[in-house]
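Colleague: Sharing the features that TrEMBL gives for it:
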type     : residues : note
TRANSMEM : 12-33    : transmembrane segment
TRANSMEM : 53-74    : transmembrane segment
TRANSMEM : 81-100   : transmembrane segment
TRANSMEM : 120-139  : transmembrane segment
TRANSMEM : 160-180  : transmembrane segment
TRANSMEM : 200-223  : transmembrane segment
TRANSMEM : 279-297  : transmembrane segment
TRANSMEM : 328-349  : transmembrane segment
TRANSMEM : 361-380  : transmembrane segment
TRANSMEM : 620-643  : transmembrane segment
TRANSMEM : 649-670  : transmembrane segment
Amino acid sequence: MGMSKSKGCFGYPLSIFFIVVNEFCERFSYYGMRALLILYFRRFIGWDDNLSTAIYHTFVALCYLTPILGALIADSWLGKFKTIVSLSIVYTIGQAVIAVSSINDLTDFDHDGSPDNLPVHVALSMIGLALIALGTGGIKPCVSAFGGDQFEEGQESQRNRFFSIFYLAINAGSLLSTIITPMLRVQQCGIHSKQACYPLAFGVPAALMAVALIVFVIGSGMYKKFQPQGNIMGKVVKCIGFAVKNRFRHRSKEFPKREHWLDWAKEKYDERLISQIKMVTRVMFLYIPLPMFWALFDQQGSRWTLQATAMSGKIGLLELQPDQMQTVNAILIVIMVPIVDAVIYPLIAKCGFNFTSLKKMTVGMFLASMAFVVAAIVQVEIDKTLPVFPQQNEVQIKVLNIGNDNVTVYFPGKAVTLSQMSQTDQFMTFDGDNLTSINISSIGLPIVPVTPKFEQGHRHTLLVWAPSSYRVIKDGLNQKPEKGENGIRFINTFDESFNITMGEKVYVNVTSHNASEYQFFPLGAKNFTISSTQQIPPQCKKNSNNNLEFGSAYTYVIRKKSDGCPELHIFEDIAPNTVNMALQVPQYFLLTCGEVVFSVTGLEFSYSQAPSNMKSVLQAGWLLTVAVGNIIVLIVAGAGQFSEQWAEYILFAALLLVVCVIFAIMARFYTYVNPAEIEASFDNDEKKKNLENIYSTMPPVSQTQM
């Protein structure tokens, strides 16, 4: 065992400092890169939402499956230190490759601002992601276990606190990078054409990974390094296989039962290995229910972000975007970990309650389950404010009068009278098959029947500007605008077509007495300009809309005033979101509390219950539960097509509650072990045996020789 004595600082080994800084930089690097990934796929490579999401989730799952490989390499071949160094090099190269893949000028030979050879960029980014998945996954189980290795016997409390500090470093890194890298992305850069600066946004994480590697190597002289002890994973699998086979062979009554099913491997394997495997299998058995926690936890990035898109992000003076709500988790972690460690646990201990690791984890699961109950309550509040969209067999119609006279429209069983420049208060819903006759009349003029086809399952606007002049427009909005954006369409009442430029978007050729398609804009006020063949007089003032909020849709009717200037009339199609994003804070708070007591404890528990040669294997097992959790989300979301989102939240909460109860029962029957003591007793037995062997081989001493 190659060991160098670790220097101390505040009762902690000094080497811990290098490990924590390394972890901080590595997490900054990983999360910074991950924050950009989906936008990079969508906007730079140009894949659609579904493909981008699928590749993104596959990458995340890979990052949590490769730890097994890393643990194998560390425990059986290179040792933790060399594994971390060599895979960090792979990782840094991967980050550099993905930064290079996002350089637009790499294949932009004609300098037109878009790459001429996309497959090169795709291939490079896939190679980069594969290297990153191998790197980040491979070092994950080793870094935390290597940190735990630095502590001596009797430093259990320091070691527990180390796992909290370690977790804090992870979240501080992820929090900072998720704030910083999107800021870098929106900068403009490029040699021949200015673009969103992906190379810089990917380059900074790559640089930080290099820093992480350098910091880790600098500490080399201070680490306690343990030699790898052969292919431990292979031994474990063989030993378990032999035990099962042997048990099966001796299943008749005449063979006496053995205390533990692994004891059937005694014929071939030594006691020490069998007892080590018993420790590992007991912990692995406890891991079976854990993926359910991660299945809920990882929905912050998907379901909860989508929930935020139907909410209003105005919190005081702040205006939050839906995807910025995820930082609440990281911020809360940074606040909660020290509080829980320094205040709450000591208080519980003072009350004389034995709050063991497994009890903490059970509480964590319960809190996460409650977080989803709160999410469901918030969802019900949101649903109350959502507009009702038509069912498959229904048709929704609103009437918009853009003429100069009052008109009356007769629907089956209902008549609507509108003055000029007004619309019906809301969409009227009709059964599609009963929409037999619709008539328009105006004072002193004959009645005109409306004969167009209405499409079932859609909203329509009946545009009227004279009794005989009407047009039916299919709205094309069957849900709230996504990502909290606002849909805007223009209706032209001029006698000729025109183009409208609003923000960076152009409405091309809006014809007379017709509506454009909707285009979508983020919050804030926007100016727009009208370009038409008939000159708009220069003295007309600039056109701007009112302040857009979150998730609304409007129809802007443009009329010509008597002086020839255009004027704007605004009609609301979908009301903006009213439920505030601040309402999500309680569910984030509960989930974060759950994470603090579940995840930090789980890391530390996995370490403390594992024999010295299988620390990384168990850390990898722990990370595997995260990967399985991600897969559960995909299965449940795919299989259970819920009409109501709140019902899905309740289902997840109920599943986790059931799992929580099962886990609590399993935890009751778990006995904590001290692997170091068990291994020490084996060492003592071996010493005794060796001594006995020495004595038994010495020749007997006769009296005469004395």
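Heads up, the Cβ atoms here are built off N, Cα and C, so glycines get one too.
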Colleague: Would the transmembrane segment (361-380) count as touching the transmembrane segment (279-297), if touching means at least three Cβ pairs under 8 Å and pairs must be 6 or more apart in sequence?
Modeller: yes
Colleague: Under 8 angstroms, Cβ to Cβ: which one of 12-33, 81-100, 200-223, 649-670 has the largest number of such pairs with the transmembrane segment (120-139)?
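Modeller: Answer is 81-100, with the largest number of Cβ pairs below 8 Å.
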Colleague: Should anything in the same chain at least six residues away from the transmembrane segment (649-670) have a Cβ under 8 Å from its Cβ atoms, list it; otherwise answer none.
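Modeller: Non-local partners: 282, 285-286, 289-290, 292-293, 295-296, 299, 303, 358-359, 361-362, 365-366, 368-370, 372-373, 375-376, 379, 636, 640, 642.
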Colleague: Should the transmembrane segment (160-180) and the transmembrane segment (279-297) be scored as in contact, given a threshold of at least 3 Cβ pairs under 8 Å and pairs 6 or more apart?
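Modeller: Per Cβ check, the transmembrane segment (160-180) does not touch the transmembrane segment (279-297).
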Colleague: Most CB pairs under 8 Å with the transmembrane segment (200-223): which of 12-33, 81-100, 279-297?
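Modeller: When the Cβ pairs under 8 Å are tallied, 12-33 comes out ahead.
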